[in-house]
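Have a look at the structure below before the remarks.
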């Protein structure tokens with residue numbers, strides 16, 4: 001059987017099969033590349049960047065196998081310098097097998113990426129096996145080539161072409177570079193497979209529908225089921241774990257549920273676009289799944305941090321079940337960019353163009369994330385409360401799926417609020433919500449540059465940012481009923497006060513919710 005493979009006819013047939021498979025693989029790679037640049041629908045439950053990278057590696061080993069089969073077909077003797085290249089191919093095969101296993105251990109298994117890794121392992125392993133068989137056949141046979149070809153070579157003598165040192169160096173550089181990328185990719189896949197695990201009792205996974213696709217969502221609910229209900233919306237790039245300490249403290253008086261929005265934490269990716277409407281459709285199903293009856297008016301309080309707060313504001317406009325909302329350092333981000341830019345003497349067109357230019361950078365980060373290059377730089381050594389969940393926080397912000405989701409979210413923000421929206425006041429009839437709105441901001445009007453040791457341009461930018469945040473905070477509090485107000489965090493607070501100063505947040509929540 002193996003001898004057939006080493007014959008011209010057998011090698012030719014296998015080569016044709018590999019070429020057909022290569023065309024399919026390249027076509028898939030193009031589809032995933034386009035999906036990364038211009039997201040549409042959902043090609044994978046994880047990130048298209050991960051699958052695209054695995055396809056590139058698979059294409060590489062297929063090309064290598066085609067060259068190997070050519071050597072067999074034309075009876076070319078294997079040059080001794082290629083030993084190192086074959087070792088690299090073998091290493092890629094081993095790493096691909098590891099990737100295959102890790103994709104199934106991942107909390108969001110990517111079946112397509114896993115099987116691409118399996119194909120890469122099989123193809124690379126097959127090529128290594130061919131090389132070994134050729135070496136064995138060469139050492140055990142007195143006549144390595146076809147008789148006619150042997151005679152031609154002996155007549156040619158020293159005139160047989162030899163590979164130049166420059167070409168050998170280029171081959172080793174290419175193979176070494178690919179091996180480095182494979183190693184980095186494997187590091188990232190192992191990192192994501194090494195997930196922090198369950199939060200314990202109260203954690204459940206539910207399947208919801210989004211644009212006719214199943215999406216599995218991780219939820220975490222604590223507190224007696226007969227208590228008043230609170231749903232928590234995390235900020236962009238984060239998961240429900242951000243609220244762990246706040247949730248724990250509130251659970252004595254409330255039934256509190258957090259969840260990982262689609263594409264974040266341990267939840268599956270949903271189909272693009274990641275619009276406010278699509279997020280609400282998922283959130284409403286999640287609330288029903290955890291036992292919050294969304295058909296009962298004024299029965300649920302929505303508390304959201306950052307982007308999550310703006311989602312709460314959106315829900316309150318369309319969901320009768322929302323009793324009131326509490327926004328934690330949450331402002332309409334496009335309006336905030338405009339006010340900061342205006343403070344820096346920029347026009348609305350300049351500000352919007354600047355944000356449009358930021359989107360490709362976020363997409364680039366999302367595309368490069370499978371290579372583990374950025375992951376170590378986003379790891380934090382501490383600051384999260386409780387400290388034993390610091391690893392959870394580091395993990396959730398460093399997955400490839402997370403950064404793809406962030407690129408989808410940013411694209412939706414640009415689409416939903418363009419130039420006219422950015423410079424318009426948020427106080428308008430369509431934004432009025434006849435419900436309580438409590439806005440708790442990390443900004444403080446008494447805060448100074450001296451408090452933060454800022455000078456020069458940094459100081460100017462700080463005041464522009466602070467004034468924009470406070471203006472939008474006040475304006476948001478005017479969108480609700482008479483109970484609505486805003487609260488400034490005392491002292492020096494930052495956007496991360498949700499997990500670094502949870503006691504202050506809980507104090508405000510417990511004071512205002514009874515007034516709803």
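Just so you know, glycine gets a Cβ as well, placed from its N, Cα and C.
Those TrEMBL annotations? Automatic predictions, nothing curated.
The shown structure was predicted, so the numbers you read here are calculated from the model rather than taken from an experiment.
Per TrEMBL, the feature transmembrane segment maps to 16-37 (among others). Within the chain carrying the transmembrane segment (16-37), a Cβ under 8 angstroms from the stretch's Cβ atoms is held by residues 43, 48-49, 51-52, 55-56, 58-59, 62-63, 65-66, 69, 116, 119, 123, 363, 366-367, 404, all 6 or more beyond its ends.
Feature annotation from TrEMBL assigns transmembrane segment to 49-69 (among others).
Residues or ranges marked as transmembrane segment in TrEMBL: 81-106 (among others).
Tertiary neighbourhood of the transmembrane segment (112-133): same-chain residues 2, 5-6, 18, 21, 25, 43-44, 46, 50-51, 54-55, 57-58, 61-62, 64-65, 68-69, 72, 78, 82, 86, 89-90, 92-94, 96-97, 99-100, 103-104, selected by CB-CB distance under 8 Å and a gap of 6+ residues from either end. The transmembrane segment annotation in TrEMBL covers 112-133 (among others).
If you look up TrEMBL, you'll see 172-191 (among others) marked as transmembrane segment.
Feature annotation from TrEMBL assigns domain 'AB hydrolase-1' to 230-358. Note: the domain 'AB hydrolase-1' (230-358) comprises 59 helix, 23 strand, 47 coil (DSSP; helix = H, G, I, strand = E, B).
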